[in-house]
Every structure is written in C-alpha cells, then in structure tokens.
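For reference, TrEMBL has these:
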BINDING   Asn36, Leu38, Gly63, Glu85, Asp111, Asn141  S-adenosyl-L-methionine binding site
DOMAIN    43-234  domain 'Ribosomal RNA adenine methylase transferase N-terminal'
Amino acid sequence: MAVPGKAAAFRLPPLPTIGEIIKLFRLRAQKQLSQNFLLDLRLTDKIVRQAGELTNAHVCEVGPGPGGITRSILNADVAQLLLVEKDARFIPGLKMLSEAAPGKVHIVHGDILTYNMEKAFPKHLKKNWEDEPPNIHIIGNLPFSVSTPLIIKWLENVSNRDGPFFYGRTQMTLTFQKEVGERLTAKPGGRQRSRLSIMSQHLCSVENTFIIPGEAFVPQPQVDVAVVHFTPLVQPKIQQPFKLVEKVVQSVFQFRRKYCCRGIGILFPERERLKKTEELMMAADVDPTLRPVQLSMSHFSNLCNGYRKMCDEDPNLFAYNYREELRQKKR
C-alpha cells in the first residue's frame with residue numbers, strides 16, 4: 001500500500017533478466033572492444049548509488065551495453081536518461097527498456113568521443129560554475145580501451161567548461177581498470193602517481209569508491225575494476241590552460257624513474273636545455289633530484305606558471321617538440 005502523501009517510487013515492470021536479453025539477442029562481448037558485461041544487479045545498484053541522489057536527475061549513461069546499469073539508473077527514479085551506445089547490437093535490448101519506461105529514455109546510436117554533449121540536456125539545468133553541481137550525472141561501465149582517452153577528453157572539457165560541463169560542474173561516476181583507478185587517485189610518493197593523477201586531481205575531486213572483482217563480469221577480465229567518482233573543482237589547482245599543463249606533466253613523467261630535471265629538460269631545445277632547465281627549476285623552487293612521483297600539486301603549479309612565463313617571452317617555445325628534434329637529428 002502506498003504511503004499517504006508520498007509519490008510511489010518508479011519501478012520498472014517485469015522484464016527479461018540481463019542474462020535472458022543477452023541470450024534473446026545473441027549478444028557476445030567483443031574482446032577487440034574490451035567489452036565486459038556486469039550482470040549482478042546488486043553491483044549495478046551499488047555503482048548508481050555512488051553517483052548520489054538521482055531522483056528527478058538527468059543522467060547520461062555511456063556504453064550501456066545490455067542494460068544492467070540502465071535498469072539501476074531507471075529504478076533510481078531519474079527524470080530523463082540519455083543512453084549513448086556505439087554498438088548497434090545492443091540497441092534492440094535498450095529499446096525494450098525504453099518502452100518499459102515511457103518518456104524517460106532517449107537512445108543515441110553513436111560514439112561518446114564525438115557526441116555533442118552541449119545539446120544533451122535541457123538548457124534550464126545549467127548552473128554557474130561557482131554554484132552547486134547541476135542535477136546532471138554521467139555514469140558508465142567503460143570499455144577499457146576507451147576509458148583513458150575519454151577521461152582525458154572530459155578533463156579538457158572541465159578545464160574549458162564545455163562539453164558535459166557547459167551545464168556547470170557535472171559529476172561523473174565511471175569504471176576503470178583497478179590500476180587506472182589507482183593512478184587517478186594516487187598521492188605524491190605513491191607508486192601509481194602518474195600523469196593521470198595530476199591531470200585529474202588538479203581539476204576534480206576524485207574518489208575511488210569501491211572495487212568490483214573481475215569474476216563479477218562476463219567474460220571475466222584479467223583485472224579487477226574500480227568505480228571512480230569525479231566532481232569538478234570550482235578553482236583548478238593549476239591556473240594554466242589544459243594543453244600547457246598536459247605538456248609539462250607529460251614531459252616530467254616521460255622519465256619517471258629518473259630525477260625530475262630529466263623530464264623537465266625535454267621542454268627545451270637541446271642547444272639551451274641545460275640553461276633553461278636550471279632557470280625553470282629555480283623559478284619554480286623545485287629540487288631537481290626529486291623523482292616525478294614525489295612532486296606535489298604545488299610543484300606542478302609552479303612549474304606550469306614558470307613555463308608559461310618562458311613561453312610568453314619566447315613565442316616559439318610552446319611549439320617545440322622533443323621527439324621531432326630527435327627525428328631531425330636521426331635524419
């Protein structure tokens with residue numbers, strides 16, 4: 001019996017199980033696309049809970065596949081659910097879910113890497129960047145092959161406040177290989193500290209919420225899976241353009257086992273490398289004998305600020321490419 005004065009929570013009508021849908025449409029996870037199905041609805045419910053309160057929210061699910069997480073999102077009583085699925089084999093099963101939740105689901109057969117997210121949600125949901133995050137969420141069990149390029153693309157969108165972040169500080173709850181999840185959240189000195197650690201943490205609050213064992217997936221991957229939650233920061237920790245930060249961070253971690261001065265050096269042409277490296281290290285107040293994994297966010301902020309000043313003084317510096325100079329020397 002319904003509780004007086006309260007609207008009944010939305011529940012999907014009886015449907016075939018995810019396993020039955022997989023059999024019905026003869027679906028197989030494709031190894032070359034690094035697809036893995038999650039059939040346990042207790043786990044899909046748990047993933048969705050990490051996103052926070054979703055009642056009346058607008059949600060984009062990335063790569064829904066046979067629809068396990070999709071069911072859990074719909075059962076959270078969202079206002080609208082956008083499904084972006086690249087693999088046409090999954091569309092008929094997703095249409096069954098759409099028909100069971102009339103008016104709530106919009107299916108896009110397309111690639112999330114190229115889909116225009118600035119037109120994905122109603123404009124009235126847009127918030128100022130300084131406000132609380134909008135009632136918009138991105139959720140996805142990402143194929144391993146796309147997870148890293150996609151999060152780098154979205155981090156650049158955070159920096160530029162476009163794409164899904166045109167609407168404000170849109171939150172994301174995504175799956176990654178456990179090792180990638182550890183890189184995203186690694187602290188200074190941690191073994192997994194990497195380019196991904198700096199690029200994500202300087203723009204977002206990043207939380208590794210829980211680990212799903214590999215045996216929960218079909219087919220079973222060789223690794224466990226981390227569920228990671230991102231909330232964009234009001235102020236990035238490094239106040240420089242994304243491409244400049246990315247270039248500095250990539251250079252530093254190019255030689256992760258050596259002293260950090262080795263990687264910083266490749267920001268500069270060989271003829272002035274020693275002098276310019278020393279100049280930047282001194283301006284940034286960074287000990288040249290620290291390893292890349294030991295550098296803090298303030299170290300990287302100082303390095304990026306110092307490099308930006310040097311680029312302003314020499315307009316050709318940012319275009320310099322270490323690998324291109326190596327190729328020219330070999331010729």
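Yeah, the Cβs are placed from backbone N, Cα and C, and that goes for glycine too.
A TrEMBL annotation is a machine prediction, not a hand-curated record.
Counting only residues at least six positions away in the same chain, the Cβ atoms of Gly63, Pro64, Gly65, Ile91, Leu94, Ile107, Val108, His109, Gly110 sit under 8 Å from the Cβ of Glu85 (S-adenosyl-L-methionine binding site).
Averaged across the domain 'Ribosomal RNA adenine methylase transferase N-terminal' (43-234), pLDDT for the predicted model comes to 95. Of all residue pairs in Asn36, Leu38, Gly63, Glu85, Asp111, Asn141, the annotated binders of S-adenosyl-L-methionine, the farthest apart have Cα atoms separated by 21 Å.
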